[in-house]
């Protein structure tokens, strides 16, 4: 049954667990169960994707920070953090993680869009309106976020984790605040509309990981759809939430303003930075700012392979079990030779030292 500002329980009643009725404890238990089921589903799905693509459920991880400590005596531009944008520390794990994230984005984005179109009262009452269909979406997305957070902490070993952890903390804070207080569901569901853009954002990342040419028709179409949905469902929604924050939320009590301000402003800032980075990488600000792999990237990636092999000589080669279609040829005629521990760039051979 839907609830709104006329039949809502007070905040003090919701926060005083000793005064909860049997119905409230039942709702709490069902919510925890749905979150656990969602978490288990996405964990199992992750292992299924790994096994289907690569024939294994676990991958070795490459720690960029440990590599820099070991290679500190031979510091060079190839070891700079800027190479992380072109060379993922663990390509196989990234591919699987992006696929699972894409599936969640498709489900949650369409679910959020359906909820707003069908339950239109949530637009006019973004604080108090609640409906079981919308609340269940929060449970599913909470389980996914907990899965992805665990997956990042286990596998991600680059500076990229800082940005991702901040995003996950912001979203989980919004989910938890909505469930504990019984309010702000409208803000959360509008935020989940951004997942419609994530479908194309993850698709673009997968094309990059598979080595698709940026001039190909497939990449151009995905990049265009990514930019359109980014402008509509990320920047457009962020601006709408900022407008609501300034015109409606600031007239309310401080305990309403504080969580709304933190979540909305954080999402606005991260989406603005994301839009700039994507536009720059796709060459919207000119070729000079477009993302272009440097010649030294090949040496860095090859050195990473050598480091992994030294840690576990009995394991398979890092790129031997990539799925069919993954390109191992780098731009500018660069090729990686992992077994020979060398890099061939435009006919010139250089040696990568571990």
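Here the Cβ of each residue, glycine as well, is placed from N, Cα and C on the backbone.
Predicted automatically and left uncurated, TrEMBL annotations should be read as such.
Computed from a predicted structure; not experimentally measured.
Sequence annotations record features per position, and here TrEMBL assigns compositional bias 'Acidic residues' to 306-322.
Per TrEMBL, the feature domain 'TLC' maps to 90-289.
Per TrEMBL, region 'Disordered' is recorded for 295-354.
Taken from TrEMBL, the feature transmembrane segment covers 33-53 (among others).
Marked as transmembrane segment by TrEMBL: 99-117 (among others). Same-chain residues lying 6+ beyond the ends of the transmembrane segment (99-117) with a Cβ under 8 Å from its Cβ atoms: 42, 45-46, 49, 123, 131, 133-134, 137, 140-141, 144, 148, 189-190, 192-199, 201-203, 206, 233.
Annotated transmembrane segment per TrEMBL: 129-146 (among others), in sequence order.
Taken from TrEMBL, the feature transmembrane segment applies to 182-201 (among others). Same-chain residues lying 6 or more positions outside the transmembrane segment (182-201) and placing a CB less than 8 Å from one of its CB atoms are 3, 8-9, 11, 14, 101-102, 104-106, 108-113, 115-116, 122-123, 125-130, 134-135, 137-138, 141, 171, 174-175, 222, 225-226, 229-230, 232-234, 237, 240-241, 256, 259-260, 263-264, 267, 271, 278.
Tertiary neighbourhood of the transmembrane segment (222-246): same-chain residues 109, 126, 187, 190-191, 193-194, 196-197, 199-201, 203-204, 207, 214, 260-261, 264-265, 267-268, 271-272, 274-275, 278-279, 282, 284, selected by CB-CB distance under 8 Å and a gap of 6+ residues from either end. The feature transmembrane segment is assigned by TrEMBL to 222-246 (among others).
Positions annotated as transmembrane segment by TrEMBL: 252-279 (among others).
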